[in-house]
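Features reported for this protein in TrEMBL:
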SIGNAL    1-30  signal peptide
TRANSMEM  307-324  transmembrane segment
DOMAIN    358-642  domain 'Protein kinase'
BINDING   K387  ATP binding site
Amino acid sequence: MAGAFRRSAALQAMAAFSVLALVVPDQVQGRGKCPSFSCGRLSYVHFPFRRQGDPAECGVPSYELTCADSNATIQIDKATYLVTDINYSDQYFWVVDASLDSANNCPLPRWSQTPYNENYRLGEDSHRRVQVQLSPDVDWFATFVKCSQEMNSSNVMYRPVACRSGNSSFVYVLTGLGSYLAENLEPSCGYLAMTPLALGGLENWRTATAAATLEDVNYEDVVRSMSEGFAVRFPFRSGGFIDCLRGLISDSNGEPTVYRIFVIVTNINSYFSICGRHATQLPHPFVVLLMLVPQTFWILRVISACRFVLVMLLMWTSVAYMYWKIKMRVDEVEKFLQLQQMLTPTRYSYTDIIAITSHYRDKLGQGGYGSVYKGVLLPGDVRVAIKMLKGDANCKGEEFISEVSTIGRIHHVNVVRLVGFCSEEIRRALVYEYMPQGSLDKYIFSSEKSFSWDKLNEIALGIARGINYLHHGCDMQILHFDIKPHNILLDNNFVPKVADFGLAKLYPRDKSFVPVSAARGTVGYIAPEMISRGFGAISSKSDVYSFGMLLLEMAGGRRNADPNAENSSQAYYPSRVYRQLTRQETGEITAAADMHELEKKLCIVGLWCIQMRSCDRPMMSEVIEMLEGGVDCLQIPPRPFFCDDDYIPAMESLYLSSEVELAAISEEEDESITELN
């Protein structure tokens, strides 16, 4: 054992001498090429830092310092920070925001969170193609928020910023661990900015920050911390193992050679460990060999001590290897399943959602099921829309399950894509592809005509294809149950996409009707059989009815039900259109003398789709054929039940209602809605 130990120590010394042989000659030959330097008030600055104008092989470009006016500065995300100290042993340097106005008694930190984000990408070395990351070496943050309501004084996390507050808005600073988390943000408050908090300055920041409590820190302490700066780690990725070693041993430059050898021998293991983690290029093969040989002797010592269990260990290793080999065999079916898994939505954590939405900064809208925020996925800067579902202890997550189980398996140009989802306890979110043009309703109900008739027909055809794919393009037919203009989204090219599958259901394709115990949909678009089973069985024809109501609204440029109309015969647009088509009174439909042929086609197809009995309506595949064909091939459909003048007053109370979502229906009372949301 003693002999093995001595051999290990000797080989360790050989490794140190080899490092000197590889590093020192290069330093001697090029001592003036990459020497340590002074910058501002800093001295003995070396790898990974560099100065402007240094040779490309000196330091890492992302750590380039500018030395001017007795100051050393570094650029981080196009912002300038003063570098006041560098600690190579703990691998951090101290920075102060150079743009901070010392004369300002009420400052705010930068809007940008960088360089505070743990995964922030600072830059790329164009020579070595490496990535450098910076992150604060602190656990506490100060987060500034602006609130529309004044906080209760008992909330110790919210510290008032009186100089930034007014009569209608109140600015607070949140301090402590996790102060930047969305769960600590009150509903009446919005995010302003964030900065690392290092109390006590450069000398005492670790102990002072660790000993602080929420009650100890106020706005004045935060301002003082901002002016004193904070520590930033530099877990660098250098281009070469030798460059890393050269930087670590450069602290002993100028010392006698014997002393330098002693330092390297005593620290050789830590040098190899650090440079092995942080270098992207492999070290010299001879150095690798010298690194491995001492470790090999230690392994032999362990094996010698455990030789009695060696046979048993080998047996268990063989069994484990055989099991692993069998488990890793993947046939064609498994490959197919893996490919299918790649097409499924990604599951994100709640912290991912916070990062994607930049702390819920850009709110797109509010719906019955929750709020929608704009976000960005990295890498690639892919814009997404994130729906945060309302949740409480009594929520079973029916809408969340419905969305993921239906839209999660769909890939069609006219159906919005579910990129991913999040589910942690009662916090649930759905991540969709972002539709920059918004929903269809804001265009067709606008006072100005937004689309030409050709474009309207193209949009209608796209919606029909999307719905038809839901009905017949998947292994299970998907019934949407909530087709309406608000649930049709438009991309950059105004290509329509069916969205919002919160009420959707999956059913076998061989079933002509589906069992539904509760009505679902929106008043004005819900099919009659959803209200009363006397009109027929619930099936894919229920979506056809909703699509027909949508077509009529697209053709008329108004909602089908107009509560401001002078009389009931004018209030319900489908009834008026049917009478005008049968009497050829086209002048009453639009301001033009004649109805455009595409307008007439949309109206006729829409009237076919809203027949009261489901058996009289066409399938979505037939609707597509009608929209693709000419208007001359279309026949005027039979008179819908509600178009009879005798029934108009009776239908007003139902179809002139505001848009509300149906929650339930009594199956025994076929003609009455018993509960509305």
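Cβ coordinates are placed from backbone N, Cα and C, and glycine is handled just like the others.
TrEMBL: automatically predicted annotations, no manual curation.
Keep in mind it's a predicted model, so treat the numbers as computed, not measured.
Within the chain carrying the transmembrane segment (307-324), a Cβ under 8 angstroms from the stretch's Cβ atoms is held by none of the residues 6 or more beyond its ends.
Around K387 (ATP binding site), a 10 Å sphere centred on its CB holds 24 further CB atoms from the protein chains shown. For the domain 'Protein kinase' (358-642), the mean pLDDT of the prediction comes to 84. Under DSSP, K387 (ATP binding site) is assigned to a strand (E or B) in the three-state scheme.
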